[in-house]
Amino acid sequence: MVTYDGPINILLVDDHPDNLLALEAVLGDLNYNLVKCLSGEEALRSLLREEFAVILLDVQMPEMDGFETARLIKMREKTRETPIIFISATSKESEHFFTGYEVGAIDYMLKPFVPQILRTKIEGFVRMYIGTKTLQLQTELLHQKTRELEKMNRELMRTAYQLNKTQALARVVQETSSDTMVTFDGEGRILAVNPALTAMFGYQEREVIGTPIEQLIPCFEGGGFKESEGDAEAGLPTGKRIELAPMRKDGSRFPAEIQVGVATVDDDRIYACTISDMTERKQFELDLMKAKDAAEIAARAKTDFLAMVSHEIRTPMNGVLGMTELLLETGLSSEQQDYAEIIHKSGDALLSVINDILDYAKIESGKLEVEEMPFQLDLIVSETFELFTAKTKQLGLHLAYELDPELPKIVIGDGLKLRQVLINLVGNAVKFTPEGSVRVEARLGRMDGEAIEVQFAVHDTGVGIPEEKLPLLFQPFSQVDTSLTRRYGGTGLGLAICKNLVELMRGTIHVETNEAAGATFRFTVTVKPYGEEGYLNQEGGTDLSPWIAQPGWFHEAMSEAEPAVVALETPADALALIGSADASLQDGSEADPAGSGGRPPARAERLGLEGRASSRIPEISFASLFESGNRELSCTIEVIPDETPPAIGASAPRVLVADDNEINQKLTIGMLEKLGIRADVAADGGEAVAKSAANQYELILMDMRMPVMDGLEATRQVLAASGAPHSPVVVAMTANVLPADRQRCLEAGMADFLGKPLQFEAVKRLLQRYQLLGTT
């Protein structure tokens, strides 16, 4: 006979360790596993992990007393039947006996208790527990035997006729089966059925015996059930499952799974058919499909909601930050200047919080994707440090980084997301380090074919993190300590975002901490090697085509600087001259700035090299040209337009601002006027299309979300109506930062992006990029 011989767990709950030791002394020699807990919360966690024969529970405990703990235990189905014995400190609590029984206790003992009585009660409950577990094991064994019996019955259906036809016809199916089981001969006449037939088909047994099987399964008419005979003759197993629609007595059809087996007895064919009603299963599948469709609709709605929220939040922030930036450029008193700077800094802080929330929302909705572009590892680290140089100097902190010389200079991966992780971790380190230093290390990890692991570590000498708080560290909306939250601020999302970004880049992140010596955040990312041999031109230089071969961009490679300078003088939309350390200008290749008063030659001055230490064209960070989200060309050498560069149009440039928000209209117009450009305004997409048809604009700043017609449709109509030679440059003014939104803008024909909130310098760079400054 099967009996339970597993471990016996006893749960002891008391907030006084001495009481737990006393209970352990009484029960310790009974060969039970005693689990001790100092609080109700700890007891509940233990109950989630293990099963207990009995619980000894103290009544008087802080935070959660024994009564509340018992109520929660009894609310959980798995622990509802576990016996609870309350242990009361003094007899004066006897008035609470009934409270204990009401919450589910099975017994109540007062301290001091008689050890032998307690042992006897525990042993009694343990015997009950063993009996229950034994019954469960025997029940499971019975179910297993039942399943084995069902399998044997199916085998019996194929061999029973060989033993005795009468015995096979008597009972070859299990009476309790919920499936209808039918046996019939080679001509399709029903020989026997089980009682489930009545519930499934509505027939009595006598009504179907001797009738053709097609009365129940119409498609078996004409011997359709004989398809498995070939398998039987070949010695292969029969009983394939097929889905058909049997017919009930009332003529209604229902979906069913039918399995037909065949056996041969004395050259006679006997068929056994099992019919399983699939009505509920089909309904479930239908409900599942509806739920899937609903989930897809919800996912699309979530994406639209993200875009809408991004737009609606950033639009007023655009007005706050932009107008403040314009205000700072006016003649303010010292006090007014301070107030305006406080407004601008507060707006920046609010925007940072908004960005954290939107980033996390994008991660949660699965809309964040990893992009693969070449970038320079050392540039990512150095530019991150540049962001914190001024602040660390102000705080008196030492800021340093160390790069492994074995690291490849250029890799392929998502430089933007790596930069975001570094900025977040370094920013936290600076924030929580009142004195000392912040140091970043980057080392080469494993290299496996097309995968390179880069290991980063951010060390600080700050406040450190308590060991018990580490599990909360990478959870969203959680802070290590609320007092720190009040002192330092933050949403509690930064590290959660870092963790998700690192995992997107096939890496891991963890923290090592010492409250007295600061913390070290370590993370890894996986990048791909940069195939340098694929980017070298015939002269041995570097081919930048992979970076500048963007839609609508023309590029031409030249091996020497002088022809490139000449080429730049011709096209109006040339953006930059990109050179290497070996390229030099023919009229200033060996010029000594010191010998000419530190002034480079005229040609170098015209190229924007004035003030450089040499007239030679310096090496640039070409791998980072497209790291910025709006495809801005960022390099060491920029083409500085002449005093009066050629305009796009024959006259002064005409600009149209399409935005339905009045504040945004004023902000954009104000920025353009400060740059010497006057612009028209359209309050919706339809008005933008109409004004574009009536006027020839060189540039249209198009908001994405507008009434009447959105920015995408307005752009399509403007470009279609104007024709390629006279098409204006359409730039999206968007707060939507999802990659899919940017892709839709490009597909609609937009050439560039201006992110909201608008920044004066970004507007200025945009106008310079399209040669619109200095032409008014």
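Please read every residue number as a count from 1 along the shown chain.
Using N, Cα and C of the backbone, Cβ positions are placed for all residues, glycine too.
As recorded in TrEMBL, the features of this protein are as follows:
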- 9-126: domain 'Response regulatory' (DOMAIN)
- Asp58: 4-aspartylphosphate (MOD_RES)
- 165-210: domain 'PAS' (DOMAIN)
- 308-529: domain 'Histidine kinase' (DOMAIN)
- 585-604: region 'Disordered' (REGION)
- 654-771: domain 'Response regulatory' (DOMAIN)
- Asp703: 4-aspartylphosphate (MOD_RES)
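Of the recorded residues, Asp58 (4-aspartylphosphate) and Asp703 (4-aspartylphosphate) place their C-alpha atoms 66 Å from one another.
The domain 'Histidine kinase' (308-529) makes no contact with the domain 'Response regulatory' (9-126), as judged by fewer than three Cβ pairs under 8 Å among residues 6 or more apart in sequence.
Between the modified residues Asp58, Asp703, the minimum number of other C-beta atoms within 10 Å of a residue's C-beta occurs at Asp58. Taken residue by residue, the domain 'Response regulatory' (654-771) breaks down under DSSP into 58 helix, 23 strand, 37 coil. Taking H, G and I as helix, E and B as strand and the rest as coil, DSSP gives the domain 'Response regulatory' (9-126) the counts 61 helix, 24 strand, 33 coil.
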